[in-house]
Each structure stands twice: as structure tokens, then as C-alpha cells.
Amino acid sequence: MKYNTGAGTVPEQLNVHLVPHSHDDVGWLKTVDQYYVGSENYIQEACVENVLDSVVMSLQRDPNRKFVFGEMAFFHRWWLEQTPETKELXXKLVKAGQLEFVNGGWCMHDEATTHYIDMIDHTTLGHRFLQEQFNKIPRAGWQIDPFGHSAVQGYLLGAELGFDSVHFARIDYQDREKRKGEKSLEVVWRGSKTFGSSAQIFANAFPGHYGPPNGFNFEVRNNFVPLQDDPRLFDTNVEERVQNFLDAALTQAKLTRTNHLMWTMGDDFQYQYAESWFKQMDKLLHHVNKDGRVNALYSTPSLYTEAKNAANQTWPLKIDDYFPYADGRNAYWTGFYTSRXXXXXXXXMLSGYYLATRHSGFFAGKKSTKYHAFDLADALGIAQHHDAVSGTAKQHTTNDYAKRLALGASKAEAVVSSSLACLTSKQSADQCSAPASAFSQCHLFNISYCPPTESSLPDDKSLVVVVYNPLGWSRNEIVRIPVNDANLVVKDSSGNKLEVQYVEMDDVTANLRSFYVKXXXXXXXXXXXXYWSLFKASVPPLGWSTYFISEATGKGTRNALTLSQKGETLNIGPGDLKMSFSSLTGQLKRMYNSKTGVDLPIQQNYLWYESSEGDFSDYQASGAYLFRPNGQPPPHTVSRSSVTRVTRGPLVDEVHQKFNSWISQVTRLYKDKDHAEIEFTIGPIPTDDGVGKEVITRMTSTMATNKEFYTDSNGRDFLKRVRDYREDWPLEVTQPVAGNYYPLNLGLYTKDEKSEFSVLVDRATGGASIKDGEVELMLHRRTLRDDGRGVGEPLDEQVCMNKEYTCEGLTVRGNYYLSIHKPAGGSRWRRTTGQEIYSPMLLAFTQENMENWKSSHSTKAYAMDPNYSLPPSVALITLEELDDGLVLLRLAHLYEPSEDAEYSTLTKVELKKLFATQKLEELREVSLSANQEKSEMKKMKWSVEGDNEQEPQAVRGGPVSNADFVVELGPMEIRTFLLQF
């Protein structure tokens with residue numbers, strides 16, 4: 001029988017848009033490759049290769065059928081395997097609109113634990129692939145599964161990509177119920193305070209899950225009722241199934257505005273045998289439309305959005321974001337903000353490294369670097385998936401993510417070493433394909449393992465340290481390397497001796513090194529280095545400086561003192577910022593900045609929440625996704641005193657504190673920095689008492705913060721948070737702690753009439769202000785129960801060694817940064833230091849005679865004009881030579897309009913000075929993901945409830961002339977260009 005499947009929309013009828021899709025996690029219960037090929041099906045029956053093979057065959061059987069697909073990590077794998085004939089068929093399906101790409105990034109990224117640069121990078125990777133292969137531009141965001149939605153997603157990874165709409169399933173259960181009653185599930189979302197309506201997007205929150213209505217899931221092995229319309233067979237049920245369809249459609253129609261509603265026809269890894277779905281949908285379309293009471297059609301998110309837009313309906317306005325997300329009274333998805341804190345650190349560190357890899361590769365010239373950054377791009381793209389960086393995959397899958405990142409990092413390291421060898425060499429670029437110098441780098445600095453700096457030097461050679469600065473402004477920072485000798489001389493490239501400070505290696509680091517080098521390198525390391533050697537490096541913007549370390553003649557003296565202080569108070573800090581600690585307990589008592597006069601009484605401690613295992617009223621446990629502390633008692637204080645050791649020196653003062661056998665920290669105050677750097681070491685978290693533990697650090701001040709604090713959105717905008725409050729609905733407070741946690745990628749701050757207190761983080765984590773004047777960060781978690789959201793494992797990370805599998809819980813080491821300012825005075829520190837944390841200086845090492853090196857190498861150089869640096873309000877967030885020879889450039893303004901009187905203004909970047917050593921021929925401005933001309937981007941107009949159009953006009957930079965190449969950037973603006981040299 002030939003079915004009529006060609007219906008379009010009908011103006012006067014209820015239109016049910018069937019959107020066939022398969023939700024394909026880029027790793028979760030299985031690894032990305034296991035999901036692709038369909039191995040390990042005892043874990044989960046899932047094979048994405050089958051989905052794509054099967055869908056393509058089904059689509060060609062009927063030109064009216066449609067299907068949407070999002071994850072380019074999978075599609076790219078599939079595409080590389082296809083014959084020319086299959087590629088031609090797929091290209092026809094895409095051109096005809098039957099196969100539509102949604103999102104189009106490498107994965108469906110998480111929105112809580114991702115950094116905006118990573119979100120842009122993987123989306124660009126996918127979008128440029130689609131443009132090259134199909135000349136197609138995705139129009140719809142499809143974030144159906146992430147656990148809450150960010151403001152940056154709404155405006156930056158939405159409107160600025162050229163998306164008309166974004167579609168998702170997960171919003172807070174209280175929010176959803178209110179919106180159902182008001183028909184406000186679908187909204188116009190203005191995620192940016194800065195850009196308002198100029199960066200708005202239509203946001204469609206589904207009435208429930210991202211699957212079809214009950215009874216309409218047609219996966220081949222599901223127990224569904226087929227539509228039976230062959231009169232020669234028993235049990236025909238056309239009328240019954242049409243009525244079922246009608247009932248479900250009319251029920252959903254009560255929740256939406258206009259006569260259009262969407263059915264998401266698919267679920268996790270479905271369409272393994274696509275014909276099972278399409279046969280049933282063909283029959284439904286035919287018989288429902290023949291019945292005539294509603295109209296049903298094959299559709300896609302972009303067609304659905306066009307229909308909504310054409311209806312001339314007025315829509316509710318949504319601002320800010322959709323965090324935190326809860327799907328039940330005791331089920332706040334705020335644990336994953338911190339889950340697998342070490343994996344989140346690796347992703348953050350390699351994100352900054354990937355940025356520097358592409359910079360240095362460009363400046364050295366692609367031919368000279370044997371460019372291999374794709375493996376790291378692929379691994380980082382996969383790592384942004386909403387079960388990867390979020391820490392919610394099974395352990396074996398998490399191991400696979402880590403392996404991919406390590407392999408990608410290894411390839412990128414070769415690019416950086418080769419680039420630096422070429423850049424520092426005095427050979428011409430074309431001679432540099434085989435650079436003479438071989439550099440090595442160190443990945444395990446944080447546990448003091450760096451073989452190049454620990455090995456003894458031959459008599460006539462120095463340790464050559466090349467320090468590369470990936471930022472667009474000059475930096476003066478302390479370089480810290482492990483050494484075995486406190487009798488070293490450090491010289492700069494002019495031969496000047498630098499001041500060196502030595503700090504004795506602490507036992508905590510030595511023990512970590514002994515265990516983790518063995519675990520990571522599968523071989524025992526030599527005994528820990530005896531000291532940290534510290535000196536100040538001065539490095540030009542996007543340039544490098546060279547330092548030479550040699551052994552001094554004669555006996556050396558250590559110019560750092562370890563003190564036991566007399567009196568009640570320990571005062572430390574060689575610069576403007578001072579901290580006072582109790583001599584008796586080691587507790588922090590106050591922070592004081594002698595330059596600004598800000599004085600803040602403040603305490604800091606470590607505590608842990610007991611993970612709930614569920615109770616008689618609700619069996620919900622705390623786990624990888626959810627944070628549910630056990631009952632309402634306050635968290636357990638780890639210790640009210642610490643074993644404290646103070647080291648003072650000309651460059652840095654350090655306070656080493658041990659709170660118990662598994663928590664310690666070092667507080668560092670540098671002479672030239674306005675902040676305290678706190679390095680924490682937590683683990684193994686003990687569980688022999690049968691209790692899961694979620695460890696926080698808490699800073700308690702006297703500030704009157706009125707329930708308010710501010711957290712970043714994906715490292716970009718800061719959003720105001722109010723404890724126990726939601727903008728969009730009257731909140732019933734069921735979890736006073738977990739329900740007030742928010743995701744951090746940059747940091748958070750609080751303020752009152754006297755001062756502003758800021759905390760920055762080095763990785764994605766969760767943070768809160770549970771009482772006025774308090775700030776807490778969750779730093780590490782270890783739970784003993786699964787939380788029932790599908791992963792099927794407790795969050796119990798362990799490190800195992802040797803054949804006997806000696807295992808212990810994972811130890812996490814990381815940094816956070818504290819600073820105090822006058823009211824409204826902290827933004828400059830937050831923005832600048834945030835960039836320095838994201839893009840640390842890169843160190844590369846080799847051994848050579850100092851004079852020989854200086855005669856054959858450039859020891860200090862600039863990629864840009866030596867008298868120029870980027871404005872302090874601008875970051876270079878992408879500089880990459882593409883395969884077609886064009887160069888991708890992205891510049892980001894770092895400030896919101898009212899953040900800083902001087903820097904929150906229109907600013908200019910002179911590209912001729914940025915690229916002083918190369919001749920820039922022309923540039924084209926493109927969309928954020930570089931897949932379309934900026935001038936050709938079209939925006940849908942939406943009517944918004946209560947919109948009086950009184951919002952301030954967003955400031956954006958003007959056109960760039962191909963004569964002077966000056967780029968203007970307004971506050972929070974990101975501009976993307978393709979350059980031709």
C-alpha cells in the first residue's frame with residue numbers, strides 16, 4: 001500500500017510535527033568507539049553505525065521522511081568509512097532537507113562544566129566539517145539531555161551561531177509544572193544582559209522526556225502496538241491507533257501556544273533498524289490525516305520553529321539560565337558540578353594547551369611543525385559531552401576519555417616543541433622542518449615530577465628554559481621548577497643573575513609523587529627532588545623569553561626561612577596582600593590589602609557533607625549526578641586546627657597546613673600578586689566507615705551579603721544568584737544546601753557596602769553561599785551508592801597499581817585563588833587572573849652551553865610588534881591555520897558593560913601590529929563557528945510579552961576595513977574572522 005506521507009502544515013488545524021531522532025551519547029555506559037561499532041552490547045544494546053546505515057536506507061525509500069542527527073564525533077567516523085556512492089546519497093538527503101543536522105558540534109556538550117572556549121572550539125570543528133562536506137549550516141540547537149542550561153548556551157552557542165531555536169528536555173520539576181499551566185514551556189530566551197534582544201533565541205522546553213508520547217516508541221525490540229491496517233490480517237486497529245494519536249496530541253496541545261506541537265520520535269541509540277520506526281510513522285501520518293481531526297507531518301526542529309515564528313504569537317520572556325536543575329524534591333543535579341574533579345582539571349588544562357598549540361603552530365608556520373593538533377581537538381571535542389567532563393560516565397568510559405586526551409596531548413606536545421624549536425632558531429622558516437633543538441615538557445609538575453629539571457648538568461652546559469606566553473599582554477610571573485640542588489644560578493638572556501628562592505619539598509608532595517608517577521608512568525620515579533626553585537620570568541605578549549640555569553661554584557645558601565612564629569598571630573605576605581593566621585590553631589583570621597586598605601576578617605576551613613543513601617521517606621541517594629547531603633545537620637568540620645609550617649622568602653611566602661591525614665593545603669602569597677593561591681590536596685577520601693563524603697572548603701567572613709552572590713556562566717558572564725530564590729517561580733525549598741549550589745568555571749564573588757571577596761577556580765566545580773558572608777566550593781566527592789540516573793555505579797574513583805591491584809581512593813590536587821577589593825573593584829582582577837589561570841605560561845627545557853645557545857637562537861622575541869600588546873580588556877581566544885590555508889582568528893572582549901569604568905568600553909585591536917611579521921592581505925568576518933559570512937546571517941523576529949523595547953542598545957564593533965585592519969570590540973563581544981596572508 002502506498003501511504004500519503006507528504007503533508008505540510010495546515011493553517012486552521014492542530015499540526016503535530018513528528019521529529020525522528022536518535023540520542024547518541026558520545027560515551028556514557030560504553031566508550032565512544034564501543035557505541036559506534038556496537039561492541040559490548042551486554043552493557044547496552046547500541047550501535048551508532050547501524051543507526052546511520054539504517055536511517056540513510058530508510059530515508060531514500062520515501063522523499064517525505066526526515067531525520068535529525070547531532071553528534072559529529074560519530075558522523076565523522078561514519079563518513080570516513082563510506083563509499084563514494086553512499087556519500088553521494090547522503091549529500092542528496094541533506095540537500096533535500098531529509099537529513100537535517102542539529103547542533104552540529106562534535107558532541108551534545110554539557111552546559112554546567114564546560115568553558116565557553118571549548119564549547120566554541122568543538123562546535124567549530126563540527127560546523128566546518130558540515131560546511132566542507134555538505135555546504136550546510138545548522139539552524140537549530142538540540143541540547144535535549146544536558147542537566148540544566150546556561151545563559152552562554154542561550155545567546156553565544158545559540159544566536160551567535162545563527163541558530164533560530166534551541167530545544168531541550170531537562171528543566172526543574174517545579175519550573176516545568178508552573179510553565180505547563182501557563183503555556184510558557186516555549187519562550188524567547190535572552191541569556192545575555194549585554195546583548196538582550198539582539199542575541200535572543202526561541203527556546204522549546206519539552207513537556208517531559210525527549211522521547212515520544214507513551215505508546216509511540218517504535219524501536220524494533222520494544223513492546224509497542226503496531227498500527228495494523230491490512231484487512232487480510234486479524235486485529236486491525238486503525239481507528240484505535242488514530243484515536244490514541246489524537247488523545248496524546250490534544251493533551252499536549254493544552255500546554256503550548258499556537259496550533260503547532262512537536263513529538264520527539266526517538267530516544268537513546270534508537271533507529272538501530274530505522275524501518276521499524278518509519279513504517280509505523282508512515283501509517284500514522286496517512287491514517288491520522290485521512291481522519292482529518294488533526295494534521296500530522298514529518299518535520300525537523302527548524303521547520304517547527306519556522307511554523308511557530310509564522311504564527312505571530314506573543315511569547316514569554318526568559319532571562320538568565322536554567323540552573324540548578326532538579327527532577328524531584330530531593331534530587332538536585334548539583335553533584336556533577338564537582339564529580340571527577342581530576343578529569344575536569346585535565347580537560348581545563350588541555351583546553352588552554354590546545355589554544356597555545358594552535359598559536360605557536362601558526363607563528364612557526366604549519367609546514368615546520370608537522371601539525372598534529374586534530375587528535376587533541378577530537379579528544380577535547382568528545383570530552384565536552386554531557387557525560388564526559390560532567391563526570392557522569394562509567395569508570396571504564398572515563399578512563400577512555402582520559403586516554404584520548406593523553407594521546408591527543410602527546411601529539412600536541414610534539415607540535416609545541418617543534419614550534420618553539422623553530423621560533424627560537426635563527427634558521428629561516430623553510431630550513432626549520434628539522435629543528436636542531438629538541439625540547440621536552442613536563443606534565444606532572446603539580447606532583448614535582450620533571451626529569452629535565454632534576455637531572456644533573458654536564459660541566460659546560462646549562463638547563464635552557466624557554467618560557468612561552470600564550471596571552472596577548474606581557475606577564476611577570478614566578479616560574480617554579482623541582483630541583484635537587486639549592487646552589488643554582490639563574491640568568492636571563494642578557495646574562496643578568498636573577499633572584500632565586502628555594503622552598504624545601506614537602507612530604508605531601510613527595511608521597512604523591514612516589515605513588516602517582518608509578519601509577520601514571522608504570523615505573524618507579526627517582527626520589528623526590530629536594531627543592532622547588534623559584535624565579536621571576538618576564539615574557540612579552542605572544543612571545544617567549546629564555547633563561548639559563550647552571551650550578552654555582554662554591555657553597556650555596558638557601559634564601560628562604562622556615563619559621564615557627566612567636567605570639568598569637570602569624571602575618572604573612574611579601575607584597576601588598578597580607579594574611580593573618582592564628583599561631584595556636586593555624587586558622588586564617590583576616591586578609592588585608594595595604595594598597596587599597598581593604599580589611600576583611602575571614603576564616604577558612606575544610607568540611608564534608610555526608611552523602612545520603614536515601615531514607616524511608618525517599619530512597620534517593622547522592623551520586624555522580626545528584627548531591628543530597630544526609631538530612632539537615634551541618635557538614636562535619638575536618639579539624640579546628642592544623643599542623644602549620646611557614647616559609648618566607650623574597651618572592652613568595654608559603655603556609656603549609658595539614659588538617660588531617662587526607663587533607664592538606666599550601667597558601668602562597670606572591671610579592672607582585674594581589675591574591676592568595678591555595679593549593680589543596682584531598683584524598684584518598686576514607687570510606688571504611690561506610691559513609692560517602694563530599695568535601696568542601698568554606699570561607700566565612702563578616703560581610704553582609706543579603707543572600708546574594710555572583711557566579712560565572714561557562715567562564716564568561718557573571719549572573720546574580722539569590723539563596724532560596726528563583727526568578728521564574730516561587731521556590732519550595734526542599735534541599736537548602738544542594739538547591740543553592742551553582743556551577744563554576746571561572747569563579748564566584750560576594751560583595752557588601754565595604755568590600756568585595758572573589759574566588760577563582762582552576763577547573764569546573766560547584767559553589768554556593770549557604771549563609772550570608774559565606775562562600776563554599778565543593779572540591780572532591782566519593783559516594784558509595786548509585787543515584788539511580790542510569791550510570792549504575794557509585795562515584796568511587798580509585799587508582800590501582802601492579803598485578804595485585806593495590807587500590808586506593810583518588811587524590812585530587814588543585815588550586816583556587818582568593819582576593820579582596822573595594823566594592824565594584826574586583827572585576828579587573830577576576831578577568832585578568834582568569835585568563836592567566838586558563839592560559840598558563842608554557843615551559844620547555846633542553847640542555848646546551850649558554851653562549852652556544854645565544855649564538856644560534858633568538859632568546860627573547862615577539863610574534864607581534866614589540867611596542868604593541870592587546871588591550872587589557874581583550875583576549876585572543878583562537879588563532880589557527882586551517883587546512884585550506886586560511887587563518888581563523890577570534891577576539892573576545894572580557895568585560896560586561898558595567899563591570900569596570902575604564903575597561904567596559906569599546907576597544908580596538910590593530911591586526912597589522914598583532915601580525916607584524918606577516919603581511920595580512922584580507923579578512924572576512926564570519927559567524928562564531930566560522931561556517932557563514934557574518935553579513936549573511938539572518939535573525940527571526942519574535943513578539944515578546946511585556947516587551948517595551950526600553951533595553952539599552954548593545955555596543956558592537958563596526959565593520960573592519962581591508963585597508964587598516966582595525967577591529968573594534970564592544971563589551972562581551974566575540975568577533976570571528978578568516979584571514980588571508
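Glycine residues also receive a Cβ, built from the backbone N, Cα and C atoms like all the rest.
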**Q.** Residue among His372, His386, His396 sharing the Zn(2+) site, where Swiss-Prot lists His23, Asp25, Asp145 as binders
**A.** His386
Q.
Can you identify, from 338-357, 618-637, 778-797, 938-957, the stretch that Swiss-Prot calls region 'Disordered'?
A. 938-957
Q: Would you mind telling me which one of Asn446, Asn867 Swiss-Prot calls N-linked glycosylation site?
A: Asn446
Q. Looking only at residues six or more beyond either end of the region 'Disordered' (938-957), which have a C-beta under 8 A from one in the stretch?
A. 159, 162, 164, 188, 194-200, 202, 305, 309, 312-317, 897, 906, 967-971, 973, 975
Q) In whole Å, how far is Cys442 (disulfide bond) from Cys422 (disulfide bond) when you measure between their Cα atoms? A) 20
Q: Could you say whether, by DSSP, His23 (Zn(2+) binding site) belongs to a helix, a strand or a coil region?
A: strand
Q. Given the glycosylation sites Asn312, Asn446, which one's Cβ is surrounded by the fewest other Cβ atoms within 10 Å?
A. Asn312
Q: Give the sequence-ordered set of same-chain residues, not counting His23, Asp25, Asp145, His386, with Cβ within 8 Å of the centre of the Cβ atoms defining the Zn(2+) site.
A: Asp24, Trp28, Met108, Ile144, Pro146, Asp268, His385, Asp387
Q. Do you know offhand how many angstrom separate Asn312 (N-linked glycosylation site) and Asp145 (Zn(2+) binding site) by C-alpha?
A. 29
Q. Among the disulfide-bonded residues Cys422, Cys450, Cys800, Cys807, which residue has the largest number of other Cβ atoms within 10 Å of its own Cβ?
A. Cys422
Q. Between Asp25 (Zn(2+) binding site) and Cys800 (disulfide bond), what C-alpha distance do you get in Å?
A. 28
Q) By a simple count of other Cβ atoms within 10 Å, which of Asp25, Asp145, the binding-site residues in the record, is least packed? A) Asp145
(Q) I'd like to know which of the binding-site residues His23, His386 has the most other Cβ atoms within 10 Å of its Cβ. (A) His386
**Q.** Residues near Cys442 (disulfide bond) in space but at least six apart in sequence (CB under 8 A)
**A.** Tyr449, Cys450, Pro451, Pro452, Thr453, Leu843, Phe845
